[in-house]
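Among the features that TrEMBL reports, domain 'ABC transmembrane type-1' is placed at B:82-272. The transmembrane segment annotation in TrEMBL covers B:20-40, B:86-110, B:122-142, B:148-166, B:212-230, B:250-271.
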Amino acid sequence: MRRLGYSVFVLLGLSVVVFIIARLVPGDPARAALGPRATQEAVEALRAKLHLDKPIYVQYFFWLRSVFRGDFGESLYTRRPVIEDIREFLPATLELALFAGLFMAVFGLLLGVLSARYANTWVDNVIRVLAYLGIATPAFVVAIILILLFGMYYEVFPTIGRLSPGISAPPRLTGLLTLDSLLSGNWVALVDALKHLFLPALSLSLGGLFQEARITRASMLENARRDFVAAARAYGIPERVVIAKYLFKPSIIPTVSILGLDFASLIGNAFLVELLFNWPGLSRYGINVMLRKDIEAIVAVVMVLGVVFTVVNILVDLVVAYLDPRIRLVERGE
Amino acid sequence: MRRTRIGRWWYKFSRNPLSVVGLIIVVGVVFCAVFAPWVAPYPEHAGPYVNYREANQPPSLAHPFGTDIFGRDVLSRVFFAFRSSLLMGIVVLSIVVPVGVTLGLLAGYFKESWIDILIMRITDIFLSVPPLILALAITSVLKPNLTNAMIAVSVMWWPWYTRLVYGMATSLRNEYFVQSAELIGASKFHILFREILPNCVSTILTKMTLDMGWVILIGAALSFVGLGEQPPKPALGTMVADGAKYLPEYWWISVFPGLAIMLIVLGFNLLGDGIGDLFSLEEA
C-alpha cells in the first residue's frame, strides 16, 4: 500500500516534469495548430481556450483537472479528447508488449536454465555467444532482419499490421485482438492475430530475453554452490527435483527484478518496432504527435506509458516478494 | 614500477579473449571514425552527393556495403556516421557522469536528510518512465538535431549514475576511514570527493564503458525516427530507417548500418565486461 501511494506521488512528479518540458517549446502551439493563414483573433481565441495565456502553474492546474475529468485535454490536431486516441491505440501496444514480455520471461528463463545446467559445454557456449549478439542488437535492427528473412524467403509470418485483410476483426471488447477473438470463439482470427504478433514481439523481446538468460545463468551457478543445495542433494533428493525446486526458485529472483527494467526498454523500443511493422499502436501515434508537436497528446502518451511502466514494476515487486521469503517475512513483521 | 602494473593489468585483461575482441572492435571503430576522411573509400559521399547512375548498387568490390538511393557509398557513410555516434557517447557521458555522481554522493552521504529525500525523489521521477520515451518527447519539442538529441539523452541518463553511486555511498559512509576523516575535521568536500569517490571509481568506469554502447544505441534510435543528426549528414539510425523503405530489394542500405550499430554496442559491452572483471580481480 505504501508502495502504491509513493507511485502516485512519483507519477504526479513526472507529470510536472513532462509538463514543464512540454511548455518550454519555442513557438506558439495555437499558431502552429491553426496554420500561418489564420487571423490573429482566431489564434488569440484558441490561446484563451487552451489557457495558454495564463502562467504555467495555472496551465498545469487546468491540465490536472482534465486528467481527473478523464479526457487528458484535447488534441490540437485531431480536435478530439486525447483519451479517445489513447483508448484506440493503447490496446495494440499493450498486446504487443505483453507478448514480448512473455517471450522474454519464458525463453529467457529457459535458455538461462539450459545454459546453467550444461555450463561450459557447447550448449552453454552457443547460448552465451548468441546472448552477446542479441543484447547488442537494437530491436529495430532485429526487426529489419526478421522482415527481410520472413518477408522474402518464408512467408509464414506476416510482417504488416495486426490482421490479414480478408479476416474480419472480432467485436471489440478489450481491444486485445487475441483475447477478443478468443472470447468470441473466432479461431481463424485468433490464429491470424497470433501470427501477426509473432515477429514484432520476437524482435522486441530479443535483447531482454538474452539479458534474462545471462542473469539466470549467473545466479543459478552462484546458488548451486550454496549449502542448501548441497543439503538437498545430501538428503538424496533426485537431481531433477533439486534443480526445479531448490535451485530454480531462489535463482530467478534477480531475473524477475531485472524484468521490470527490461520492460522499460521494451516499451521504448516498441516505438520503433511498431513503425517498421506498421502496427497500429500507441507508439506510432506517439511518434506522429511528437513530429507534429501536439503537446497535450505528447504529455498524455508519456504519462500513460509511465503508468503502465509503474504498474509493471509494482507487479514485479510483488512477484519478487512472493519468491523471496526474506522480503515477505520482513514486511509482515515476523 | 608503472610499466609492470600496466603489464599485469594487460595480462589479466587478455586472459579473457572476449575482452580482447571488444577492445579490438572499439579501437577499430574509433580509428575509422577519427580517420574517416582518409580511410573511407569515397569521403565526398558523406555529404549531399548525388550520382543516380551508381544508385542502389549491391555490395561489390568497389562498394563493399553497396550504394544507397542517391548512389552514395554506404561504407563511407557508415565510417562518417561513427563520428557523430562516438561524439554523442562522449558528450553525453561527460555531462551525465559528473552530475549524476555528485548528486549520488551528496544524497548517499547525507542519508535521511532533506538533501537525500529531495535528490532521490527527483531521481525516482525520472526513472519512472521508459528512458527512450522521455528522450523522444524531449527531442520532439526541441529542434531535431544532434545537439538537442544529446541534451535529451543527458536529461534522462543522469539518474542511473545517481542511483548507482547512492547505493555505494550509503554503505561507504559507515566505513572507518570515512569516520576517521570526519573525526579529524576534514571538510565535507574532502570526504565526498577524496574519501568516498575513489572507492566508487572502478564501478563508475565499468558502467561508463558499457554506457558508451547504450548511449550510442539510444542515439541511433532517436535518429531512426528522424530526431537526431539531420540529412545529408550520415547517422546510423537515419540510414537504417531510410533503407527500410526499400527493404526486400535493396537490403544492404539498411542492414549494414544496422550491423554497424550492433558492432559498436557489442564492442563496448565486451570491453566493459572485461574492465569490470579486471577490477574485481584486482580487488580479490
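Placement of Cβ uses the backbone N, Cα and C atoms for every residue, glycine included.
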Contact set, same chain, for the transmembrane segment (B:122-142): CB under 8 Å, 6 or more residues outside the stretch: 103, 107, 148-149, 151-153, 155-160, 162-163, 166, 218, 221-222, 225, 227-228
Considering the transmembrane segment (B:20-40), which listed stretch of B:86-110, B:148-166, B:212-230, B:250-271 counts the most C-beta pairs under 8 Å: B:250-271
Two-stretch contact, the transmembrane segment (B:86-110) and the transmembrane segment (B:212-230), at least three Cβ pairs under 8 Å: yes
Positions on the same chain near the transmembrane segment (B:212-230), where near means CB under 8 A and six or more residues out: 84-86, 88-90, 92-93, 131-132, 135-136, 139-140, 144-146, 149-150, 152-153, 157, 236-238, 240-241, 261, 264-269, 272
